[in-house]
Amino acid sequence: MSVMFDPDTAIYPFPTKPTPLSIDEKAYYREKIKRLLKERNAVMVAHYYTDPEIQQLAEETGGCISDSLEMARFGAKHPASTLLVAGVRFMGETAKILSPEKTILMPTLQAECSLDLGCPVDQFNAFCDAHPDRTVVVYANTSAVVKARADWVVTSSIAVELIDHLDSLGEKIIWAPDKHLGRYVQKQTGADILCWQGTCIVHDEFKTQALTRLQKQYPDAAILVHPESPQAIVDMADAVGSTSQLIAAAKTLPHQRLIVATDRGIFYKMQQAVPDKELLEAPTAGEGATCRSCAHCPWMAMNGLQAIAEALEQEESNYEVHVDERLRERALVPLNRMLDFAATLRG
């Protein structure tokens, strides 16, 4: 009988917050980064959850701001020889797996993810070994070694479609690491899913009591929820989806006021998509008094302007992502399956 690692008992130490920069310092680093990107034949790939000034810089320099699936597509297809990945470590690893010939830089190699940390490979391997009859599907928010154990990698934007497909083939599933997303997918598809018990430290902090109070304060608002949130929060939603799907929902919903239950980094692109709508942050536990993440990933916040400039300028060994070649080849198989499946959905 395997003993599952219990992420709920783990307390992940948060990184130190970057020192705030002055207006002049920000301007200095922005211009420096633009120059270094050209000199290095590099392009920025930034996640929706990075700080607004990072997303803005990616836009201005011809880079990409997107969810993890589109980040993977963009980086693999772009002709630049160097990718500067503004995100968390698994995103840099994924870029290297898909583009081994490219130099993959990150502002810091210490930018973690609680879902990744909550799925240690030794315990996960033992869990999979105890259920050899199940197809292993892992979320993109996992390490390269966990991906290498999987049959499929998936992002939240195509999770329901993929599991529905596997269920139609009669396959039973191991899902890891996010338990909330796994339960959401199970509810949507009816598939036989055995869930690992990881959580995102940001989404897990949204609580129904505080959200209900905000809903009563703004009864005309629609509620948009990422499926990494607890089921009780998902049940309150007018729209549920990945980051890109939530932005699309913001445009199609008729409501002029939107309560958004995901990392507040998404507000930069969402507000661009709906400039005339009011966006409200869904409250986290304690409404700011006792929350740990307070609706913003502390590791995403490590992607500051100074750190990006240093990654492009200094010794690459401190900022370059490496993945063992044999491991990369194994992890590439389920990643390519994901990309091929996503391509069929796009038509």
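First residue shown is number 1, and so on along the chain.
For all residues, glycine too, the Cβ spot is worked out from N, Cα and C.
Cross-referencing CYS294, CYS297 with the [4Fe-4S] cluster binding residues that Swiss-Prot gives (CYS113, CYS200) picks out CYS297.
The iminosuccinate site in Swiss-Prot is built from SER68, TYR139, ALA140, ASN141, SER156, HIS226, PRO227, GLU228, THR243 plus one of HIS47, HIS78, HIS255, namely HIS47. Among the binding-site residues HIS47, TYR139, ASN141, HIS226, GLU228, the residue whose Cα lies closest in space to that of CYS200 ([4Fe-4S] cluster binding site) is GLU228.
A 10 Å radius around the C-alpha of CYS113 ([4Fe-4S] cluster binding site) takes in these binding-site residues out of HIS47, TYR139, ASN141, HIS226, GLU228, in sequence order: ASN141. Non-local neighbourhood of ASN141 (iminosuccinate binding site): SER68, PHE90, CYS113, LEU115, ASP116, PRO177, ASP178, CYS200, each in the same chain, at least six residues away, with C-beta under 8 Å from its C-beta.
Counting in whole angstrom, HIS47 (iminosuccinate binding site) lies 12 from CYS297 ([4Fe-4S] cluster binding site) by their C-alpha atoms.
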